[in-house]
């Protein structure tokens, strides 16, 4: 049943933001009037949000009054430091359209951008970044994820010995900012496509943060500079094993002796019986990318094939886990 669409719609219409800004519970009529919707439609949406524990309702003599729950105030309002609004909008407007063609993806074993958007599926990130608006939604969405998960994966191992770090595919820089906050003696270079780097510079990374620098390029086709540690967060799950080995081999050659690579991924159980979230992410990789989610052993084998050793795995207990390999 489309539970997520109820949440997506309430986010898109601004229900949670309005209730936060109002500072007091509001009736369905007042919310509908302020947001420019029908009263009947809004009342049904609000009641569904109550059922999903995203809103609370109080019955008064004047009628039902609605307010945010703690979860919606923290995660679904735009102004919250831990807001997931942007990733919700990306899922709603892009990801779910690809999922409509899940049966075709299973039959064909490839992503569904061509059916969903009428554009080539040969270059997944060309499709994801098909317009500046789409790229901004994706980058802002990735940043919102690291606002609640970033510190956990970076603290899974003591990375303080690494002072020169490259964040490959660092996107909007949220993980890089968490890294220099947690390890103040480190510097982090965000390596990403030129248009992504420009967006990160202009919109997401404060200019006064001098510990974060930028490198424009395509790490599959361009050189990778020398560093002590390379972070690949949600990178390998986008690609098949051959591409992963190709990238990790380049990283190994560039890595300083004694350095390492940190993989940040959602790990499947070794028998692939779960976690459910990771299994569903793997389905999402099917409809959107060329990759899949993997087990810790599968990632360890990819690292070993590239030359890395002393591989350690840490489950964080949250969505994303950490795998560290050393040179």
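The backbone N, Cα and C atoms fix where each Cβ goes, glycine too.
The domain 'O-methyltransferase dimerisation' annotation in TrEMBL covers 3-77.
Residues or ranges marked as domain 'O-methyltransferase C-terminal' in TrEMBL: 99-308. Summarised as a single figure, the pLDDT of the domain 'O-methyltransferase C-terminal' (99-308) averages 95.
Feature annotation from TrEMBL assigns active site, proton acceptor to 237. All protein chains shown were included, and the count of other CB atoms within 10 Å of the CB of residue 237 (active site, proton acceptor) stands at 23.
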Practice task
Just give the helix, strand and coil counts over the domain 'O-methyltransferase dimerisation' (3-77), going by DSSP.
Solution key: 46 helix, 13 strand, 16 coil
